[in-house]
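These come from TrEMBL:
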- 5-23: transmembrane segment (TRANSMEM)
- H149: active site, proton donor/acceptor (ACT_SITE)
- C211: active site, acyl-thioester intermediate (ACT_SITE)
- 254-273: transmembrane segment (TRANSMEM)
Amino acid sequence: MLRKIIVAAVFVVGLSIFFYPIVSDWFNTQEHHSSITKHNEAWKNMSDKKKEQERQKAEEYNAALQNQPVSIEDPFAEEVSGEVEENQHYLNVLDIGEAMGSIEIPSIDVRIPIYHGVSEDVLSQGIGHMPNSSLPVGGKGNHAALTGHRGLPSSKLFRNLDEIKVKDRFQIHTLGETLTYEVDDIQIVLPTETSWLEFNPTEDLVTLITCEPYMINTHRLLVRGKRIPTEETKEAAALVTPDGPMIEAEKPMYLLWIALLILLMSILTYWYIRRRKRWKRR
């Protein structure tokens, strides 16, 4: 009897370890969708005057950045400056619901909320905006830097960012708009290299940042996109409204597959134990 209990316990523990990343990632995806939905609802409920004020604050913030020296630090450094928490002016710009917007990368199938700052708390929830870079609201002369972990046990985040290729596209959803960027440059640099964050008066740029190589993290992977017109496809039009992108309910199909797999494994385990019991009787 004790042996059966041990076998069953080992089986349950092994199954839990195997399915933890899958189930945890699913729950985190739901959290991402919830945060994005709250952002969209907050924007939808704003008056037209308030919306224009939010847009103006973001544009003024970006204009001020273009007229001063760029000073950035590695977002993944163990000791990141605490100025973000103290800079209430920065936190009040694009303060729309829980997030300032969201990023969507179709080629790696992610849609993740964007938050202020790059603290560990922020990066454990979604994508962080580097405060000394432009806010991701578009406009020539702007260069926004968005950073995310290469992947956590509980969430993928930028886990597959290295699969992006030049000419791939990603989108920023904020202020009720969808801004499209086409990847034009991919670099791997040392954490101390920061010259990549430059402002070009004729271009609208966004750079995505994560650690490289995966699990070693000695370098930084930079994926830069240049603004292009957003194509109005029928599919996109169905998902984007004047109040922001609609978030489709996550289809829990693979949870059904998980349940079926657990059931199958349980049946096989029961069959194996019964067979061993009969074999011993013989």
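Cβ coordinates come from backbone N, Cα and C, glycine included.
Small disclaimer: the values here were computed from a predicted structure and weren't measured.
Reduced to three states, the DSSP call for the residue listed as 'active site, proton donor/acceptor' is coil. The number of other Cβ atoms within 10 Å of the Cβ belonging to the residue listed as 'active site, acyl-thioester intermediate', over all protein chains shown, comes to 23. The residue listed as 'active site, proton donor/acceptor' sits 7 Å from C211 (active site, acyl-thioester intermediate), taking the C-alpha atoms as the reference points.
Here the Cβ of H149 (active site, proton donor/acceptor) has 21 other Cβ atoms within 10 Å, regardless of which shown protein chain they belong to.
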